[in-house]
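Annotated features in Swiss-Prot:
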- Thr13, Ile14, Gly112, Arg170, Gln303: NAD(+) binding site (BINDING)
- Ser141, Cys142, Asn143, His196, Ala197: D-glyceraldehyde 3-phosphate binding site (BINDING)
- Cys142: active site, nucleophile (ACT_SITE)
Amino acid sequence: MSVVKVGVNGFGTIGRRVALAITLQKDMKLVGVVKRTPDYAALYAASRGIPIYTPTAKEAEEFEKRGIKVGGTLRELLARVDVVVDATPEGQGAKNKPLYREAGVKQVYQGGEKPEVAEASFSTLCNYEESKGRGSLRVVSCNTTGLLRLICTLNREFGVESVRAVLVRRGADPKEVKKGPIDSIVLNPPTLPSHHAVDVRTVLPWLDIKTAAVAVPTTFMHMHHVTLKLAKPVEKREVLETLASAPRIMLVSSGDTGIKSTSQLVDAARLSRMGYDIPELVVFEESVAVDGREVMLFQAVHQESIVVPENIDAIRAVASSPLTLDETLKATDGSLGLRKTLW
């Protein structure tokens, strides 16, 4: 099996997780990561033996002063890789694109970028095979990834005609000390539908979907209430069986575990998972309600880690990997430890 050489531009919440995930793949090699600031994350990368590059030679001076070895600049990294994963702050990826194209590398962008940055938006369970061979892909946002995992799973089994969803979004990631809110529930945005419906349609353009969102003062996870209209009547048992057997979806029983909140999910993950990451979509089992063709449920999205598996699959897709959908799911999920329970 040929090995794809990958560079990660950005070592923040998503970038660091994607970089570490790459090191666990048999068909990929992490050539290096790009860091702008010689902070604790850079020290961690250095301690793990991850080659560090800087945007330009100017930033390298500060790294060297702190004893952090620098392997070169972003341009030099691009000359050594087949694929670059752009995990820079929102909007920066579009600014970086000309540099990537000049270097002739395939690109994987994040959901904070506008869809136009890439040839297609990407979600593994929805369009992995169709995305193979693209020059660039945009992995949709954490919320959209959660919605698409659910929608494409149920659509494959029953057909989905329409979706209505209310998203309760975390206000900030744990390390984002300058974001909020800290004592408010904020319409995010105040207009309807929210951008999440538009984002879903970049992958499923045929879908009738409307979304609304608010931001709340928590850092743990997002929570969605989703109502789906299916193509045919179903029984609750059928829906639960489908979700229980689907990849990257975890059913959590509040009755069996006592878990009724995002904070309890994270607390449980702290007992058994590195960084308390939950890359699976969590569906609360008792919340699943079925009435003919209508399915309602609550689901939770760990915004720091849910897109990591999709990034790995997107790398394979742009690199024209010979792995099928089932094979990439097995390789990615097995290496990252995705499973059906928190423990």
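Cβ from N, Cα, C; glycine included.
Neighbour density for Ile14 (NAD(+) binding site): within 10 A of its CB lie 27 other CB atoms from the protein chains shown. Within the same chain, residues at least six positions away from Cys142 (D-glyceraldehyde 3-phosphate binding site) with a Cβ under 8 Å of its Cβ are Gly111, His222, Val301, His302, Gln303, Ile306, Val307. According to DSSP, Arg170 (NAD(+) binding site) is assigned to a strand segment.
Binding residues for NAD(+) (Thr13, Ile14, Gly112, Arg170, Gln303) extend across at most 16 Å, taking the greatest CA-CA distance.
A straight line from the CA of Asn143 (D-glyceraldehyde 3-phosphate binding site) to the CA of Thr13 (NAD(+) binding site) spans 15 Å. Looking at the residues that bind D-glyceraldehyde 3-phosphate per the record, Ser141, Cys142, Asn143, His196, Ala197, the two CA atoms farthest apart are separated by 13 Å. Comparing C-alpha positions, Ile14 (NAD(+) binding site) sits nearest to Ser141 among the binding-site residues Ser141, His196, Ala197. In terms of Cα spacing, the binding-site residues Ser141, His196, Ala197 that come within 10 Å of Gly112 (NAD(+) binding site) are Ser141. Annotated pair Arg170 (NAD(+) binding site) and Ser141 (D-glyceraldehyde 3-phosphate binding site), C-alpha to C-alpha distance, rounded: 14 Å.
Counting only the Cα atoms, the space from Thr13 (NAD(+) binding site) to Ser141 (D-glyceraldehyde 3-phosphate binding site) is about 13 angstrom.
Around the Cβ of Gln303 (NAD(+) binding site), a 10 Å sphere holds 22 further Cβ atoms from the protein chains shown. Under a cutoff of 8 A between CB atoms, and with a sequence separation of 6+ in the same chain, the neighbours of His196 (D-glyceraldehyde 3-phosphate binding site) are Ser141, Asn143, Thr144, Leu147, Ala165, Leu167, Thr211, Ala213. In the three-state DSSP scheme, Gln303 (NAD(+) binding site) is classed as coil.
Once Cβ contacts within 10 Å are tallied over all protein chains shown, the binding-site residues Thr13, Asn143, Ala197 are led by Asn143.
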